[in-house]
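Trainee: Summarising the annotation, Swiss-Prot assigns transmembrane segment to 56-76, 82-102, 125-145 and lists sequence analysis as the type of evidence. Summarising the annotation, Swiss-Prot assigns active site to Asp112, Asp130.
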Amino acid sequence: MIMYYLIAIALVIIDQLTKWLVVSRMELGESISVIDNFFYITSHRNTGAAWGILEGQMLLFYIITTIVIIGIIYFLHTHAKGDKLLSVALVVILGGAIGNFIDRIFRQEVVDFANFYIFDYNFPIFNVADSSLTIGVILFLIATILEEKRQKGKSKS
């Protein structure tokens, strides 16, 4: 179980380190081209959730994130034992939730910086924690689908 928590801790450290680099070395709104017309590091802040929804609702985010963190830890210890994919999915979500929670507690906003242009579409700016949440949810869905297939296979036998 400790190994899984180390994954979450590593993600939080990477998330907070990258955000610290952006905050300490860039002006708000400043953008650095990494790959022209595709990937930029852009110093951006967000007081809402994904794509700025529920902007400024910090108390709501504190409550929801606390419940989610407790729920993930509970689920990890009660339902994910023995399921490596589900355990990894949960700790990746946990790392992302904690990463953005730290920002909300100490900055009252989330630091975003990964800015991609896909063709002519400017994808919403995000961070490592956001990526962790997205990847974790995808892994969770895959784990759920695989478990359903296993259960169907058992019931047919």
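Just so you know, glycine gets a Cβ as well, placed from its N, Cα and C.
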Trainee: Near the transmembrane segment (56-76), which same-chain residues lie under 8 Å Cβ to Cβ, leaving out any that are not at least 6 residues past its ends?
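Mentor: Non-local partners: 1, 4, 47-49, 87, 90-91, 93-94, 97-98, 100-101, 104-105, 108.
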Trainee: What same-chain residues lie close to the transmembrane segment (82-102): Cβ under 8 Å, and 6 or more beyond its ends?
Mentor: 4-5, 7-12, 15-16, 61-62, 65-66, 68-69, 72-73, 75-76, 110, 127-137, 139-140, 142-144, 146-147
Trainee: Rounded to an integer, what is the Cα-Cα distance in Å between Asp112 (active site) and Asp130 (active site)?
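Mentor: Answer for this pair: 9 Å between alpha carbons.
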